[in-house]
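> Input: one structure, supplied below.
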Amino acid sequence: MSEASEKQAEIAVEQEHVDRVYARLDELRSEAEAMRDKSYEYGREATPEALNERDVMLHHANRTLQALNAESEGLVFGRLDLGTGDAVHIGRLGIRDQRFDNLLVDWRAPLAAAFYQATPEHPQDVIRRRVIRCSREQVVDVSDDLLDPDRAPSDMRVIGDGALMAALTRSRGETMRNIVATIQKEQDEAIRAPESGVTEITGGPGTGKTAVALHRAAYLLYREQRRLGGPGVLVIGPSPVFMSYISRVLPSMGEHNVELRALGEVLDGISAARVDDPRTAEVKGSSRMVKVLRRALRLPPPDAPESLQLFYRGTVLKLEADDLKRIRRTLHNKGGQPNKNRMKAADALLEALWQLARGLADRDFQPDRDQLISEIGERIEFHRFLVAWWPALYPMQVLRWLSDPERLARAARRLLAAEEVDVLAKSWAEVSEWTVADIALIDELRMLIGPPPKRARRDEPEAEQPRRASNYDEYAHVVIDEAQDLSPMQWRMVGRRGRHASWTIVGDPVQSSWPDPAEAATAREEALSAQRTHRKFTLRTNYRNSAEIFDYASDAVRDLVNPDDLPTAVRTTGVEPDVREAPADQLAATTRDATRDLLERAEGTIGVITTMDRRDEVRAWLSDVDDPRLRVVGSLDSKGMEYDAVAVVDPDGLAAESSTGRRALYVALSRATQLLTAIRPS
Ligand SMILES: Nc1ncnc2c1ncn2[C@@H]1O[C@H](COP(=O)(O)OP(=O)(O)OP(=O)(O)O)[C@@H](O)[C@H]1O
């Protein structure tokens, strides 16, 4: 038999099994639908027990249907031939036949672990491992690894030369795919690590950190359904573009109970995608901002009245600016959230008025404490004063007040340098749209201020009404991707979402754009201080880049890092990166030529990456290139992304963009799977 017909014969064998799986899937779907219909009937009886039973049935039926109806692409993807003579098929779900025998074992079940962990050195009773590739319900390819040749029966066929290389060479689509059929051993160890505490996964570009983190989320949801199913899993990544890029991975594995949020979307109800320039982001992200914000809350609101004057029984009572200042200071010194202290503020003012009145008492004026307090306390003019002097505060409003440089300088005295105050005030004064870094400040303010009183909420401007999170601290597992870039303020924000959670933290210090790693490390330790277990996995193989591309990309950081922190790229293509030089007036034309060239030569997506400042300019240069595969992004937006071909426009500009510019350049140059062009202004 020729190699091709051997392969066809094996494809036919697998097709038979895949057909059985799909037929059984249809049966199970019908059963679940029947159960759902029956649960509605139970509901009609309306006794508490019947209603309870209905809810349980309905929940179960819906969950089953959701799992069965998830994209069926790649439902069956693996097979193990064991030393016992048994064959086990592995898939995205576990499916049993009517006799309760396994037709398909869920990839997360212990029985499937050998699919990822068996090696020729430790075959774990696996003789042949087969990856099956399907297009919908049709088997299109099989690819084998013979792990234990000595025990292989003589008629066992071994097809192809490895599924991993085939998967890596294929062009990538708009969104990240699951890698469940080709997860490698070192990745599997991180995916299947216990849930508790902190699991840290590091590794260089393209080592599969994001893929591993998402598969780990799916694995934990399967294994720890009871704990994670309710409060759920939160996955945080750098940008909305990135979240959309990874958004299909979990649903493609049947998991829907996961919230994906970019860093600018962590706070309910507000969403920011704009990023500050590096200097501004650095100041906004510094943990010094906690004190600045605390101080800002101690300042009177911008239009606060400077004195309080009332007539009481023919006598003038007046609290002067200094009195009011002292009362405010005392209230703040006692601590607590200003929004919860409004009653205390009213009491303190009334007490001060009483002290005044008592000092003025004479024969004609004999005030009584209780009477004065209750009479003045009910006056509308007193309430008006209180509302202006100690208003209900809203985080965004308080931050907006800091666009006044004088006010900000008062809050930042001895904490921020004059230049830093300028940078911040300018950022808030010039643009009304919030940035990603502002969100962590707004979240901090929410914690410091406390919820506004219910009555005040009705007057709350629309823009100030983030949907109140009931589940602030209630996620059971938090996954942070690109964790190396979180600022200290962002660590505080995410820490609040997972005080009782377990964590998966994924990142690569070499790709970090945060200029002060020590400050971020301290904030991270604080955010995770409740965690007792800490385990770390390092991934060392770069699956994305060709060796030629990664070698060129690594030059950007080689002298900054320990060589052990750079992974090894496994694939060679023989195609070196294309480096072009162009005088400034030719840069647009050269970029257009290079982009068209890449669109022609590469099959999948094309990314053009440049400095954040030049993003719009480069977009305009390419506005007449009409191809949906093309994306033009700034350096920060390229974090975590991947394209089949990449053009980096002005690499030296990227390197000079910030104090961590060379690391940003390393990120940009390591985004391509097949082709890389660098365009340097000469
Ligand atoms: N075991 C695997 N089988 C197939 N493809 C894989 C495997 N591991 C990783 N990949 C692919 O390699 C590419 C890089 O993966 P991923 O984006 O998760 O890496 P990363 O470590 O997060 O990269 P970066 O740090 O650069 O953002 C993706 O296309 C992913 O699908």
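Quick reminder: no glycine exception, Cβ is built from N, Cα and C everywhere.
According to TrEMBL:
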- 182-546: domain 'UvrD-like helicase ATP-binding' (DOMAIN)
- GLY203, GLY204, PRO205, GLY206, THR207, GLY208, LYS209, THR210: ATP binding site (BINDING)
> Enter the number of other CB atoms within 10 angstroms of the CB of PRO205 (ATP binding site).
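Counting Cβ neighbours of PRO205 (ATP binding site) within 10 Å gives 26.
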> Determine the most Cβ-crowded residue among the binding-site residues GLY203, GLY204, GLY206, GLY208, using a 10 Å radius around each Cβ and all protein chains in the structure.
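Neighbour-count leader: GLY204.
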> Taking the Cβ of LYS209 (ATP binding site) as reference, which residues of that chain separated by at least 6 in sequence fall under 8 Å from it?
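Correct list: ILE201, THR202, GLY203, ASP481, VAL506, GLY507, ASP508, LEU539.
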> May I ask which residues of the same chain, at least 6 positions away in sequence, place their Cβ under 8 angstroms from the Cβ of THR207 (ATP binding site)?
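For THR207 (ATP binding site), the qualifying residues are LEU539, ARG540, THR541, ASN542, TYR543, PRO567.
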> In sequence order, which same-chain residues at least six apart have a C-beta under 8 angstroms from THR210 (ATP binding site)?
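Sequence-distant Cβ neighbours: MET176, GLY237, ILE246, ASP481, VAL506, GLY640.
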> Which of the three DSSP states, helix, strand or coil, fits THR210 (ATP binding site)?
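Helix, per DSSP.
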> Other residues with Cβ within 8 Å of the Cβ centroid of GLY203, GLY204, PRO205, GLY206, THR207, GLY208, LYS209, THR210 at the ATP site?
ASP508, LEU539, ASN542, TYR543, ARG544, PRO567
> Between 0 and 100, where does the mean pLDDT of the domain 'UvrD-like helicase ATP-binding' (182-546) sit?
91
